[in-house]
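Some features that TrEMBL has for this protein:
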| type | residues | note |
| --- | --- | --- |
| DOMAIN | 41-291 | domain 'G-protein coupled receptors family 1 profile' |
| TRANSMEM | 28-51 | transmembrane segment |
| TRANSMEM | 91-115 | transmembrane segment |
| TRANSMEM | 136-158 | transmembrane segment |
| TRANSMEM | 200-226 | transmembrane segment |
| TRANSMEM | 238-260 | transmembrane segment |
| TRANSMEM | 266-290 | transmembrane segment |
Amino acid sequence: KQMSNSSSFTEFLLLAFADTRELQLLHFWLFLGIYLAALVGNSLIITAIACDHHLHTPMYFFLLNLSFLDLGSISTTVPKAMANSLWDIRAISYLGCATQVFFFFFLFTAEYSLLTVMAYDRYLAICKPLHYGTLLGSRACVHMAAAAWGSGFLYALLHTANIFSLPLCHGNVVETFFCEIPQILKLSCSDSDYLREVGLFVTGSFFGLGCFIFVVVSYVQIFRVLLRIPSENGWHKAFSMCLPHMAVLSVFISTGMFAYLKPPSFFSPAIDLVVAILYAVLPPVVNPLIYSMRNQELKKAVWRLMTG
């Protein structure tokens with residue numbers, strides 16, 4: 001289905017994971033397992049935080065938002081890939097592709113902004129404990145979460161409107177399992193439009209870099225304070241709050257930047273696929289594990305929920 005421009009086709013073709021029926025079904029079951037793990041993990045965290053009044057604090061409020069974003073982002077990409085493997089199809093409608101791009105970018109950007117806000121929360125909790133309650137009241141928390149969701153929405157709107165106004169003349173085959181902006185950009189005819197989209201990415205990267213520098217500075221301050229804590233218990237509690245967050249953020253940033261900022265000349269379907277899975281599929285599955293395994297309060301709340 002190689003078409004001349006975007007007006008003459010009504011669908012895109014996604015990457016087929018395998019040619020044989022057995023391997024397609026294996027991919028379906030594998031993705032189903034991953035999807036169910038993400039659904040169960042994030043739903044448990046959401047329910048535990050909502051139902052347990054001990055967890056009605058800023059840190060858990062932000063974690064609740066993170067779980068909602070994770071549920072949304074994995075639901076944007078994985079069910080369609082599962083359906084394609086199950087029914088041996090590759091097509092996604094033009095509108096479906098635009099919707100996938102919008103929601104994935106919206107939730108991805110909002111999650112990154114929220115992880116930055118969570119670093120600020122950790123900084124205040126450890127470095128300014130006496131002012132924590134006044135600086136992070138319920139209204140401030142709601143405003144920060146709303147800013148994270150709002151920035152994601154606006155940035156996604158900008159990118160989606162721009163990318164789907166580009167004339168596409170290099171066919172309609174997207175070389176990954178969901179509609180991803182760098183892959184659609186490869187189909188663009190016009191260099192000037194391509195550069196406009198790259199300009200948007202560079203602007204976004206400055207915002208991302210600013211957030212990353214803010215997070216690093218926050219953690220430098222946190223670890224300076226931790227080194228002065230005499231008790232081992234204080235050390236353990238503070239590290240169990242910070243290390244999961246650092247791990248999640250590192251994987252999220254490194255894979256996301258590689259996917260969106262690598263030069264077009266660097267093309268390897270296998271590496272692109274691995275990177276797409278690392279930043280699009282893995283965080284929603286791993287986040288609940290990372291945050292709950294290192295957090296005793298949350299573990300107890302989830303256990304209370306499961307045992308009634």
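Using N, Cα and C of the backbone, Cβ positions are placed for all residues, glycine too.
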Are there 3 or more C-beta pairs under 8 Å linking the transmembrane segment (266-290) with the transmembrane segment (28-51), counting only pairs at least 6 apart in sequence?
yes
Using a cut-off of under 8 Å between C-beta atoms, tell me which stretch among 200-226, 238-260, 266-290 contacts the transmembrane segment (91-115) the most.
238-260
Within the same chain, where does the transmembrane segment (266-290) have neighbours whose Cβ lies under 8 angstroms from its own Cβ atoms, ignoring anything closer than 6 residues to its ends? I mean 6 or more beyond.
15, 34, 37-38, 41-42, 44-45, 66-67, 70-71, 73-74, 77-78, 104, 108, 111, 175-178, 180, 183, 244, 247-248, 251-252, 255-256, 258-259
